Structure formats: C-alpha cells, structure tokens
Amino acid sequence: MPVESGSSAAARQAKQKRKSHSLSIRRTNSTEQDRSGLQRDMVEGQSSDNLESFMRMEDSKLPLSLRSNLLDLFSQIEREFENLYIENLELRREIETLNDRLTAEGQTFEGADLAKGALKTKASHSTSQLSQKLKTTYKASTSKIVSSFKATTSRAVCQLVREYVGHRDGIWDLSITRTQPMVLGTASADHSAMLWSIETGKCLLKYMGHQGSVNSIKFHPTEQMALTASGDQTAHIWRYMVQLPTPQPVADISQTPCEDDVDFSDKDEADGEVEGPNDCPSIRVATTTLRSHQGVVIAADWLVGGKQVVTASWDRAANLYDVETSELVHSLTGHDQELTHCCTHPTQRLVVTSSRDTTFRLWDFRDPSIHSVNVFQGHTDTVTSAVFTVGDNVVSGSDDRTVKVWDLKNMRSPIATIRTDSAVNRISVSVNQKIIALPHDNRQVRLFDMSGVRLARLPRSNRQGHRRMVCCSSWCEENSTCNLFTCGFDRQAIGWNINIPVLLQEK
C-alpha cells in the first residue's frame, strides 16, 4: 500500500475543506435574509476563503511579496463583488415593493413566484404599464398642441406673385405710392431708384440723380412726388409721371402653406450681370435737393400733410426741412451714434428715429412752441428700425434679434417682445390686418401679430424667395393681388399675396 506524502495529504485536506465549504453555503431567498445576516455570512465566508487561499499559497512557488500582493488584489475584487451583490438585493426589494403596490391597486400579474424567475417578467410588465399610463395621460394634450400648430400653418397661405428684377446691386428699401396710379418704388445701392408696375413687373421709370447709394424711398401722401435719401449726403425730391401698362394674367403658382416650405438649397446663385430695362425712361435732375448733413443720409420720410420732410443721417442727427423753401427747420440731435432709420406718424406730427446707440427717440411736433423728445431704451444692440402703428403703438426691430411693441403712453417696458434667430432689418406693419413683417439677415421673412404670436413664414427655397439678406418689407393695403413686398441684397423685390384668416389673427 503506497504511503501518502505530506504534501499530498495537505492538498487532499484543502480540497475537502473547499468541498465542505461550498456545500455549506446556504441559498436563501431575498425575502427571508436580512442585511446583517448576509454581512455576517459574507465575513465568515471571506475568512474561510482567505485561509484556504493562504494554504494554497503555502504550496505555491511564488515569492512571498508577490503572493501577498495577489492576496490583496483578490480581497479587493471580492469586496467589490460583495458591494454589488448587496446593492442588487436592495434593488430587488425595491422592485418587489413596487410590484406589491401595483398589485394592491388592482393590477395583477401572472407568475408571482420570484424564485421561478417571474421577477423579470413582473418588472418588465410593470414598466410597460407605467409607460402606457404616461402615454395615455399626455397623449390628448400633446395631440391638441400639434393639431393646433398644423391647423395654423395650413390656413396661413403665402403665395409668391411677382418678382421685380432690374437693379444692378442690392435693394435697400421699397415703398408703395399712396395715390393712383399705384406703383412700387425701390431704392438700390446701384445709385438709382426705380418705379415698377405692380401687376406686370415692368419698370416704368428710373431715377438717376444721386451720386451714391440710394438708401430710402418714400412717396408724397397726395401728389406724384418721391423722396429719396442717399449716401451722397443729400436727400432728393423729384416728380414723376407714369403710365401703367396693360395687366397680364398672373402665372399659375400653386398656393404654398407658409410653414411647409422646404429649403432645398442655401447656396447663392451665380451673380451674373443683370441687364437693366433698356426701354425704361429716366430722370436725372431732382426738383429739390436737401443739403445740410455731414454724413450718409440713411432714411427720409414725409410728415403728415406732405409740407415737411425728415431725414436721418450717419452724422447722428435728424433734420426737419420745409419742402417748399428747402430750408432746415429743426436739427434733431441727441443720439450718441449713427442713425439707422426714421419714420413719421400717418395722422399726427410725430417722428421716431432709431440709432446704433441701442435706443430710438420719439419727437413730438404737434405743439409748435414745444418740441418734446422721449427716449426708448430696451434693446441691447443697434435698433435697425422703428415704425408707427395704428393707435399709440411703436414697433422696433434690432440687431439683438428681438422685435418689441411699445405703448407711447408707457415707454418704460414693451407690451410684447418677439425673439428671433437672426438680426431684424426694416420692419413694416399692416394697418388693416395688424401684422408685423420681419425681414431677416438669414434671408427669411416672418409674420407676427401685435401680441407677439407667430403667424407664418414666407416660403423660401432654391426656386423662390430671397437668396440673400432681406433688407426691407412694405405692406400694400389697397392691392388685392400683392399685399406685401420685400426686397433684399439679391437685387430683386418680390410681391406676395398673404392670406391669413381673421380667426387665425385673433389667436
């Protein structure tokens, strides 16, 4: 009978110990074992495992330092697994508590025996039930919001009617005559101003009296006279006579919902030379020239009655002139930086001027002996334009990407604020529909009501709309075919037909 060596006997004893230890591990249900007992068993098991590992290490040929390092690493790994196991048990208890709560509320599940693997089924089932509850709870309100949004955009129809092409450079400003015959006027950086037939898109007259960029154009309220402001530091008043051509049928353009347009391309088209109208008559001499500014005249407008005009300049002043004598009546100073725009009230002797100093000012000339001024502060960047509306409101647009509606009786804070994603240029307000048209640097034109609610966005794609910065907008209340005009630095003006129902405006 062979004799068993000492090392073999020790190995056999260690193997028996491992077997007896593995058999002595008691599997308990999470509902029957508390945390203290679990930790006590873990400590006892850890001590026996450490002893067993130590015995194995005694038979190992590894150096003592390496064996100690390995024992330390194994102990750390074991502690990490212990923590994860305890955390898992706590999570299982929480899931079980939630399931019991759902069961108490009347929601029963098949297979309640956790020991048979039903815990996973119950957890997934309860999760799906909760998810379904959330979907059911918020589905109605969300659907109402989406449906309301879709209904609004589907009823707001903006149709491109006509394009007015002929300028050789960007168009800064446009305006509609207030008397018959009704024509469209454009002011361009190509040193000219043009008058267009609204119905046919044909150029009727070209004014070429300025030596610099024509920055603004406005028409006399009762006579066939135009007022233009230029970079040559002057403002010109000139008379015109035009004969409208025979209207042509409008091209069949399908109605385009304002919000459903797709921008197929953001790339600018090739800037080829655009040939101006060859048969268009021209005027080269102004009836009246207004001189006194020391900088670019950026804008000009007629006061009510048409006997006086106001001009705004980069020399930080606005001037009030008498039309008949061409004399300077008042110099309106106070802005700290260059002026960007000026506008007059349609029925009262009020003037509003905007500036790069982030403010706009209201000048009151109703009392000849008192010329009061109020300063409106609310923007954080250049105020690009400020215009009067019906009643006692002023709407201002700024490079800070906001448009604000003000009450002249309370100028401390705006009554409405519109926030956009791009700088706002020369805005306009529809008198009849009370809609604000916002031309943007990002080539978009958006429509809002006076309370700041967005109504529509004009369609823009690689087939229609502006391809560069939109500089100005102007409403035409008397024309049913084109009631909104926009112009931009893509050298064209566009006539739009805006159809926004009254119910939509009231919302």
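Cβ from N, Cα, C; glycine included.
The range from 74-101, 158-185, 186-213, 382-409 that TrEMBL describes as coiled coil is residues 74-101. Averaged across the coiled coil (74-101), the predicted model reaches a pLDDT of 88. The list of residues near the repeat 'WD' (207-238) in space but at least 6 beyond its ends in sequence, with Cβ under 8 angstroms from a Cβ of it, reads 169, 172-179, 185-195, 282-291, 293-302, 304-306, 309, 311-313, 321, 323.
Proximity of distant same-chain residues to the repeat 'WD' (164-206), defined by a Cβ-Cβ separation under 8 Å and at least 6 residues beyond the stretch ends, is recorded for 212-224, 226, 228-230, 240, 242-248, 273-274, 276-277, 280-283, 299, 426, 468-469, 471-472, 474-476, 478-479, 481-482, 485-495.
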